[in-house]
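So that you can see what the record holds, here are the features copied from TrEMBL:
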- 9-30: transmembrane segment (TRANSMEM)
- 42-62: transmembrane segment (TRANSMEM)
- 69-88: transmembrane segment (TRANSMEM)
- 94-119: transmembrane segment (TRANSMEM)
- 131-151: transmembrane segment (TRANSMEM)
- 157-180: transmembrane segment (TRANSMEM)
- 213-238: transmembrane segment (TRANSMEM)
- 244-262: transmembrane segment (TRANSMEM)
- 274-291: transmembrane segment (TRANSMEM)
- 297-315: transmembrane segment (TRANSMEM)
- 335-356: transmembrane segment (TRANSMEM)
- 362-381: transmembrane segment (TRANSMEM)
Amino acid sequence: MSKKMKKLLAMNTVSSIIAIYIGLFVNLYLWEQTHSIAELSLYNLSMFISWGIAFTATAKLLTRFTIRLPLGVSAVCGGIAFAYLQYAHLEPRWAWIVILGIPIGAMFGFSTAAQNLSIALSGKSSELSPYFAAVSIIGQVLSIAVPFAAAQVINGFGYGGSFALMLVFLVLMLVFSAFIPRMKLPAPQGEAERADHGKFRFRLAFGQPGAKWMLLSMLAAGIFLQFQNLFTLLFTFSVTENKVLIALLNMLYTLSAVGGLWVYRKYRIHEIRWLWMGAGLLAVGFVIVLFRHPAALVVSNVLTAVGMFYFTTVWNAQQFRFIQPAGAIRQTSFLVWRENILVATRCLLLVLTFQLTELHGVWFVMIISFTVCCLMLIPLFQHLALRGREE
C-alpha cells in the first residue's frame, strides 16, 4: 500500500475503536434502561438519517476543503455525543434518544465519507483488496480488545468513566486528522465537468453499464446490513447483560471471523463464490434464531460473523473496483448515492422493527424472511453488474 493508504488505514483504526465502543456499549446502555427494541430502533434511525446528511455534506465540503476538515468535525461531533450522554437528561425520553443519534450519526457520516472518498479517488485498483483485508484484520483485533477494555472500565468506573475514555480517543482522532494527507476532490477539467462539479446527480452515479444492477444490490444490502447490525446486538443482549460475558461472546464471534480469514487466505477461489458463501452463512444464521434458544442465538452470531467477513470483504472491494475507471465526479456521485441508498433502506428495516416487542412471532418471522430474500439476491446483482461493466 502507498503511504497515503497507510495513513488512511491508521485513521480508520482510531475511528474503529470509537465505533466498536459505540456500536456495543451505547446500545447496551440504552437497552439496560428499558429493554425496548423500539427505542434501539429509534436511536439507530436518528443516527443513520444524520449519517446520510453528514456524508453528503462532506462530499460538498471536499470540493473546497481537504479531508482534514470533515475528520476534525467528526471528532468534535463525537465529543458532543459523549458529553451529552454524560450530562444531558431530557424528557420525554424519545426526544433524548433522537437527539443522541444526531451527533453520533454526524460523527460516523463525516468520518466515513472522508475516508471512503479518499480511498476511491486515491487508491489504485490493486490496493483495494489489500486495504480492505487489512481493515478486516485490524477490525478483528479491535473487536476483541475494545469490548474487554471497555467492560473493565465500566465495571470499575461506571459508564461515565468509559465515556471519558472515549473522549481521549476523540482528542487523538482530532490531533491525527491534522496529519492526514491533504486530499480533496480534484478540480474539474473542461466545461462539462465544471457544470457537474459538486452536484452528485443520479445519472452521473448510475449512468455507466451495469450500474442498474449495482443499484439493486445497494437497495437489498441496506435491508440485510441493518438487520445484521441491530439483531446481532439484540441476540447477544438476550443471552446476557454482563459486560464481561458480552465481551467474551464478542471474542468468540471475532475468533470465528479470524477462522474465516484463515480459510479465505488458504483457498484461492473466485471472489463471487466467497460472496455466495458469505450470503449462505448469513442466511442460515438468521434463520437459526427461530429455534428460540440461547445457544441458537450464539450459534447464529458465530455463523453471521464468518459470513459477514466473506461478504463485506468481497462486496466492498467489488463496489470500489466497479467505479475505479470512472472520473472523480462520477466516483463521488456514486459514493454519495450509495451511502444515501444504504441509509434509506436501513431506515426502512428499522421502521419495520418498531412493532417488535420480542424476538419471536409472525412479524419477526416475516422480517427475517424479507431480509433473507434481499440477502440472497445481492451476489446475483453483483455478478450482473460486473458482467455488464466488462461488456
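Just so it is clear, glycine is given a Cβ too, placed from its N, Cα and C backbone atoms.
A TrEMBL annotation is a machine prediction, not a hand-curated record.
Keep in mind that what you see is a predicted model, and the values were worked out from it rather than measured.
Long-range contacts of the transmembrane segment (335-356) within the same chain, counting only residues at least 6 positions beyond its ends with a Cβ under 8 Å from a Cβ of the stretch, are 37-38, 41-42, 44-45, 48-49, 51-52, 55-56, 59, 109, 112-113, 116-117, 120, 200, 202, 205-206, 215, 218-223, 225-227, 229-230, 319, 323, 363-364, 367, 370-371. Pairs of Cβ atoms less than 8 Å apart link the transmembrane segment (69-88) most often to 157-180, out of 131-151, 157-180, 213-238, 244-262.
With a threshold of 8 Å between CB atoms, the same-chain residues lying at least 6 positions outside the transmembrane segment (213-238) that come near it are 23-24, 27-28, 31, 37, 40-41, 44, 48, 206, 246, 249-250, 282, 286, 289, 294, 297-298, 300-301, 304, 308, 315, 319, 322, 338, 341-346, 348-350, 353, 359, 367-368, 370-371, 374-375, 377-378, 381-382, 384-385, 388. The transmembrane segment (9-30) is in contact with the transmembrane segment (157-180), judged by 3+ CB-CB distances under 8 Å for residue pairs 6 or more apart in sequence. Where the transmembrane segment (244-262) meets the stretches 131-151, 157-180, 297-315, the count of C-beta pairs under 8 angstroms peaks at 131-151. Non-local neighbours of the transmembrane segment (157-180) in the same chain are 7-8, 10-11, 14-15, 17-18, 21-22, 25, 29, 66-68, 71-72, 74-76, 78-79, 82-83, 85-86, 150; each lies 6+ residues outside the stretch with a CB under 8 Å from one of its CB atoms.
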